[in-house]
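Peer 1: Pasting the feature list from Swiss-Prot:
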type	residues	note
BINDING	R59, T60, R109, H139, Q142, A265, P266	carbamoyl phosphate binding site
BINDING	K87, R172, R224	L-aspartate binding site
Amino acid sequence: MSVVNNRVALTNLVSMEALTTEEVLGLINRGSEYKAGKVVISDHQKDLVANLFFENSTRTHKSFEVAEKKLGLTVLDFNADASAVNKGESLYDTVLTMSALGTDICVIRHPEDDYYKELVESPTITASIVNGGDGSGQHPSQCLLDLLTIYEEFGRFEGLKIAIAGDLTHSRVAKSNMQILKRLGAELYFYGPEEWYSEAFNAYGTYIAIDQIIKELDVLMLLRVQHERHDGHQSFSKEGYHQAFGLTQERYQQLKDSAIIMHPAPVNRDVEIADSLVEAPKARIVSQMANGVFVRMAIIEAILNGRNKNL
């Protein structure tokens, strides 16, 4: 693995812990260069990529696809419902097959935590693995686009007061972000229902009531309530959650003028955030979506650099 002039070389991208700080900053800066139109794009038509999504996705799936097509890669169609998965084929055997067919990169989202371990450790699978989200584990590409969005706004991470709010236990976005933001020097706070908070998060920040910290925040990162990962026993209503933990109009008015609001989406309007605030002046939710394409271009380029030994 290496970084030269913001050009990164990676074998796989499965978690934020696996990246050095230099690689993280290199990917962010390279994404910014793609966004500014400063990168001359090489011909990658011979490079094959398959997006293997076993959970529903709009932003991650389609922004990877846009990124791949902007880079000129050949994108292989894959529909889990129309594949041998419906006949009981395992993820491992699916990826083994794609690799045997000559696929260079597999971008994968799967409901199982750490699904990627047996794939990257396999002596037979030669395709590089990019983790598009594993269960409640990690979401490295979302984390990197979040970092780009923050860096565009403030030009730094050191000393920023950032709150990550909501469904913390079930959020792969929260886990990826808290680990790297702590490493980059941000001051982290967490809030949300106590039953969705783990003491393991104390290693990264402070659990606090939203109304105690909101006036001091630079970044408020809201998380989607992930109903699909709950057991059906919730102790709150939609309205109750919004009033207790959501970004209401009243709380929005207490934010600093320079503060920004983030959300990985999809948004549960009037739950995590008031409907009228999704596109408010302090909101950067649409910017996050746009930045996803450029960061994912940087990720795909980094994998190709690693495979082709370009650096």
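Cβ atoms here come from the backbone N, Cα and C positions, even for glycine.
Give me the lay of the land around each of these features.
Peer 2: The secondary structure of R109 (carbamoyl phosphate binding site), as reduced to three states from DSSP, is extended strand. Within the same chain, residues at least six positions away from R109 (carbamoyl phosphate binding site) with a Cβ under 8 Å of its Cβ are L52, F53, F54, E55, S57, T60, H61, N131, G132, G133, D134.
Around R224 (L-aspartate binding site), taking its Cβ as the centre, 18 other Cβ atoms fall within 10 Å, counting all chains. According to its DSSP assignment, R224 (L-aspartate binding site) is coil.
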Peer 1: Can you count the other CB atoms that lie within 10 A of the CB of H139 (carbamoyl phosphate binding site)?
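Peer 2: There are 26 of them.
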Peer 1: The record names R59, T60, R109, H139, Q142, A265, P266 as the residues that bind carbamoyl phosphate; what is their largest Cα to Cα distance in Å?
Peer 2: 16
Peer 1: Measure from the Cβ of T60 (carbamoyl phosphate binding site) and count the other Cβ atoms within 10 Å, all protein chains considered.
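Peer 2: Around the Cβ of T60 (carbamoyl phosphate binding site), 23 other Cβ atoms lie within 10 Å.
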Peer 1: Is any of the binding-site residues K87, R172, R224 within 10 Å of P266 (carbamoyl phosphate binding site) (Cα-Cα), and if so, which, in sequence order?
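Peer 2: Qualifying among K87, R172, R224: R224.
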Peer 1: Rounded to the nearest angstrom, how far is the Cα of R59 (carbamoyl phosphate binding site) from the Cα of R172 (L-aspartate binding site)?
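Peer 2: R172 (L-aspartate binding site) to R59 (carbamoyl phosphate binding site), Cα-Cα distance: 15 Å.
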